[in-house]
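Trainee: Below you'll find the structure I mean.
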Amino acid sequence: MSIATFADGLYATSFSTALRETTWIIPDLQAVHILAISVVIGSALITELRFAGILATDRPAPDVLRRYLPWMRAALWVLLATGILLVIAEPQRTLGNVVFWLKMVLVAGASLVTIQARKGLLRSSAGTNEAAAHETSRGLAFIMLLVWCAVIFCGRFIAYT
Amino acid sequence: MTLETTLQQINDLPLSAAIRENINAFPMLESLHVLAVAIVFGTILVVDLRLFGIASHRSSAQRLSAELLPYTWGAFVLAVITGVLMFITNPISYANNTEFLIKLILIAVAGLNMVWFHSTTYRRIAEWDEDMPPPTAARIAGAVSFVLWTAVIFLGRWIGFTLEFFFF
C-alpha cells in the first residue's frame, strides 16, 4: 500500500472527517502545538546556551539540563499527540508532503540528541567533567538550536507546499 | 483623513505589494513570527513559573529575570517587525478581524501587568528574591502573564482561520 492510498483511506475514516469538519478543532490543535513548541524552544534555548557557555555559566550544566529536560520531554509528547491528530485530520496535506517528512527527520534527530545522547551528562554529578562537557558540546549546542529553528520553518511551510 | 484611507494607503505601499507578490515572503514572515513568539513565550514562561513558585535553574528570581529578559525583548522586537510586515500586506482585513484586535488588546494588557508588577512588588524584590513560595502579588502577576500570553497564541493561530480577504 502506498502512502497516497493510506492517506486517502485515512481521509475517508469517520474520525478524520469529524476532526476536519468540526471548525474549532484544527485551529485549537495548532495553537496547543505552538504552545508546546514554545516550551521546547524555551527549554532548548536555555540548556543549549548553557552548553555553549553563554547563559547561566555559574550553574552546573547537568543541573540546568535536569531542570528543563522533563518539561521538554512532556512538551514533545504533547507535540506528538497534537501532531498525530493534525495528520489524521488532513492526511494528504501532510503525509504526501516532502517538507513534512524533513520536519519529522529533524524532530527525531533533535529529540534523540536531547533525550538520549546527553544522558551521560545527567549521570555526572555537578561539577565533574564540567570543562570537558563544555568543550565538546559548544558546536553541537549551536547546531541543535539551528535544527529547532529549521523545525519551525518546516512546520509553517507544510501549509504552502 | 479617516482610518479607512490610512489603511488603504498602507495597503498600496510598494513594500506591501512586494511582500504580496513574492510567493515565499509571507510563509517566511510567518515562520520567523512563530520562532519569535516561541522564544517570547518560552522565556516568559520560565519567569512566570518562577514568580508563581515553580523553581527555575537558579534560586534568585531577580537574576533569572535579568538573565532571560534580553532574549525575550529581542524576540519580541522580531515578532513585532514580522507582525507589522504581515499586517501591511492586507491592513483592511486585519483591522476588521476580531481575533487580531483582541490579540493586540491582550498584548497591551500583558504589558500593563508587567509595568504594574515592576513598579510595585518587583521594587522590593531584595526582600523576597529567593523565597518559595514568592509573595502573593508576584504569584498573581506570574499567573496573569501566563494566561494572557497563552490566549495571545490561541488568538494568533485563529487569525489565520478567520481573516477575510478584501481585495482592492
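Just so it is clear, glycine is given a Cβ too, placed from its N, Cα and C backbone atoms.
Annotations in TrEMBL come from automatic prediction, not curation.
What you are looking at is a predicted structure, and each value in this text was computed from that prediction instead of being measured.
According to TrEMBL, the protein has these features:
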DOMAIN    B:30-161  domain 'DUF6644'
TRANSMEM  B:34-56  transmembrane segment
TRANSMEM  B:68-88  transmembrane segment
TRANSMEM  B:100-119  transmembrane segment
TRANSMEM  B:140-159  transmembrane segment
Trainee: Which residue counts does DSSP yield for the domain 'DUF6644' (B:30-161) in the helix, strand and coil classes, in that order?
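Mentor: Computed counts for the domain 'DUF6644' (B:30-161) are 111 helix, 0 strand, 21 coil.
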Trainee: Going along the chain, which residues at least six beyond the ends of the transmembrane segment (B:100-119) come within the CB cut-off of under 8 Å?
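Mentor: Same-chain residues near the transmembrane segment (B:100-119) but 6 or more away: 94, 137-138, 141, 144-145, 148-149, 151-152, 155-156, 159, 163.
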Trainee: By Cβ distance under 8 Å, which residues at least 6 away from the ends of the transmembrane segment (B:68-88) in the same chain are close to it?
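Mentor: 10-11, 13, 15-16, 19, 26, 29-30, 32-33, 35-37, 39-40, 43-44, 46-47, 94.
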Trainee: Restricting to the domain 'DUF6644' (B:30-161), what is the model's mean pLDDT?
Mentor: 95
